[in-house]
Amino acid sequence: MLTIKNWQLLSENDKKLCLSRPRQSSAIKENVLEIINQVQLSGDKALYDLTKQFDRVNLQYLQVPQETIEQANIPQNALNAITQAIGTISSYHQSLLPENTEISTASGITIRNVYRPIQKVGLYVPGGNKTPLVSSLLMQAIPAKVAGCPIKVLCTPPDAEGEINEHILVAARLCGIDTIYAIGGAQAIAAMAYGTESVIKVDKIFGPGNSYVTQAKTLVAIDANGAAIDMPAGPSEVMILADTEANSEFIAADLLAQAEHGPDSQVILICDECELANQVNQQLEIQMSYLSRIEFIKQSLANSRIIICSNQSEQLDIINSYAPEHLIINRKNPESWVEKIVAAGTVFLGSWAAETMGDYVTGSNHVLPTNGFARNHSGLSTLDFMTRFTVQAINQEAICNLGPAAMALAELEGLDAHANAVQIRLNTLGD
């Protein structure tokens with residue numbers, strides 16, 4: 001069960017350790033670099049070889065045939081659920097579409113903001129046949145579609161027969177994606193970043209993954225010849241803030257829902273007193289007994305803990321210091337806490353706000369910053385699939401009025417060619 005820590009009794013160093021996340025092996029970076037180099041050098045051949053090495057599959061093709069996508073079929077109840085999710089996710093991301101605005105900053109000057117969709121985007125969905133992560137696809141494909149990205153490609157690992165789960169194919173089809181590659185892992189990220197004979201090189205890569213995928217995204221993002229990325233999304237995490245009135249059964253269920261993602265996931269409960277902590281631990285044991293991903297859960301809980309802290313100011317400091325991917329405020333008057341939160345990927349309010357709902361059907365995006373990146377990153381949105389540039393119009397009146405100031409600043413910085421570009425125009429107007 002979860003280790004219980006009394007915050008007031010911890011030293012400053014122990015407090016830091018209490019909020020530390022599982023560390024990634026330094027060997028991963030070297031392994032991923034080797035994979036990226038192999039894809040860059042050998043292209044499609046490397047993808048076939050690496051898939052055989054890591055997935056133990058002899059692929060017959062890299063790109064899923066169009067006929068296979070069109071003929072994919074799933075049970076009606078699954079189709080209904082996907083359709084409902086598409087509706088709410090589309091509504092939310094439509095609301096985020098920006099408007100092209102124009103402002104006059106001075107007489108004779110107008111500046112217009114213009115938004116454009118990124119032309120080529122690559123979506124990554126982890127998991128093979130046993131775990132078709134349809135929701136991960138929807139959370140990327142829908143904002144890409146809403147933004148108007150003309151080229152959308154999907155990479156996802158194949159199953160043992162080299163095929164893609166039909167739930168993924170149907171969801172992709174419903175979201176307007178017809179270019180799908182049966183490739184997973186760091187090699188998929190490398191293929192989309194640099195392109196191969198078969199895989200389209202994209203401008204930006206999206207999607208979560210394991211430590212290899214996250215490392216690959218980080219490496220291609222710092223290479224000028226690679227591709228931009230959405231965010232460095234690592235292992236999933238949740239932090240729950242609960243008072244004495246919170247339902248321990250609900251809390252345990254939310255902790256387990258996050259813990260089952262993988263062995264490096266982390267869950268933290270902050271509560272006022274030991275009684276609730278003990279009740280939650282009891283519930284964890286009860287609920288774990290009938291869950292399927294028990295090995296993942298056990299490893300995750302070993303990285304996790306319960307923090308006893310009765311001081312609300314300190315509770316707030318813990319939250320903002322940790323900057324959780326998911327924050328559940330399961331206590332009285334949860335709304336009153338929101339204005340004090342400065343670092344969180346997404347916040348769930350009240351006892352009925354199961355984090356699972358946000359993962360699938362509320363419409364909000366579940367691709368969120370982890371590992372403390374919520375301090376300076378936001379969850380995925382329509383804007384991430386767009387670029388913005390400004391259009392500046394300057395007439396004669398403006399250059400007469402503001403040109404001398406521009407020249408003075410240019411000369412202050414020792415850039416006389418800058419000053420000259422204005423002076424020549426002023427001279428022309430003076431003739």
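Backbone N, Cα and C define each Cβ position, glycine as well.
On a predicted model such as this, the values are computed, not experimentally measured, just so you know.
The annotation active site, proton acceptor is assigned in Swiss-Prot to GLU325, HIS326 on the grounds of sequence analysis. For TYR124, GLN187, ASN210, the entry in Swiss-Prot reads NAD(+) binding site. Look at Swiss-Prot and you will find SER236, GLN258, HIS261, HIS326, ASP359, GLU413, HIS418 tagged as substrate binding site, backed by sequence analysis. Residues or ranges marked as Zn(2+) binding site by Swiss-Prot on the basis of sequence analysis: GLN258, HIS261, ASP359, HIS418.
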* Asked: Which one is closest to GLU325 (active site, proton acceptor) in space, judged by CA to CA distance, out of the binding-site residues ASN210, SER236, GLN258, ASP359, HIS418?
  -> SER236
* Structure fact -> Cβ-Cβ distance under 8 Å, sequence separation of 6 or more, same chain as HIS326 (active site, proton acceptor); the residues meeting this, in order, are SER236, GLU237, VAL238, MET239, GLN258, ALA344, GLY345, THR346, PHE348, GLU355, GLY358, LEU368
* Structure fact -> Cβ contacts within 10 Å for GLU413 (substrate binding site), all chains included, total 9
* Asked: Apart from TYR124, GLN187, ASN210, which residues in this chain have a Cβ no more than 8 Å from the mean position of the Cβ atoms of those residues at the NAD(+) site?
  -> PRO126, CYS155, PRO157, GLY184, GLY185, ALA186, ALA188, ILE189, GLY209, TYR212, VAL213, ALA216
* Cα-to-Cα gap, TYR124 (NAD(+) binding site) vs GLU413 (substrate binding site), nearest whole Å -> 45
* Structure fact -> Rounded Cα distance in angstrom between GLN187 (NAD(+) binding site) and HIS261 (substrate binding site) is 22
* Asked: Rounded to a whole number, what is the top Cα to Cα distance in Å among the residues the record ties to substrate, namely SER236, GLN258, HIS261, HIS326, ASP359, GLU413, HIS418?
  -> 56
* **Cα-Cα distance linking ASN210 (NAD(+) binding site) and GLU413 (substrate binding site), given in Å to the nearest integer** => 47
* List nothing but the one residue from GLN187, ASN210, SER236, GLN258 whose Cβ has the fewest other Cβ atoms within 10 Å; the candidates are the binding-site residues. => ASN210
* Asked: If one measures from the C-alpha of ASP359 (substrate binding site) to the C-alpha of ASN210 (NAD(+) binding site), what distance in angstrom results, rounded to a whole number?
  -> 18
* Just checking, which of GLU325, ASP359 (recorded positions) has the fewest C-beta atoms within 10 Å of its C-beta? -> ASP359
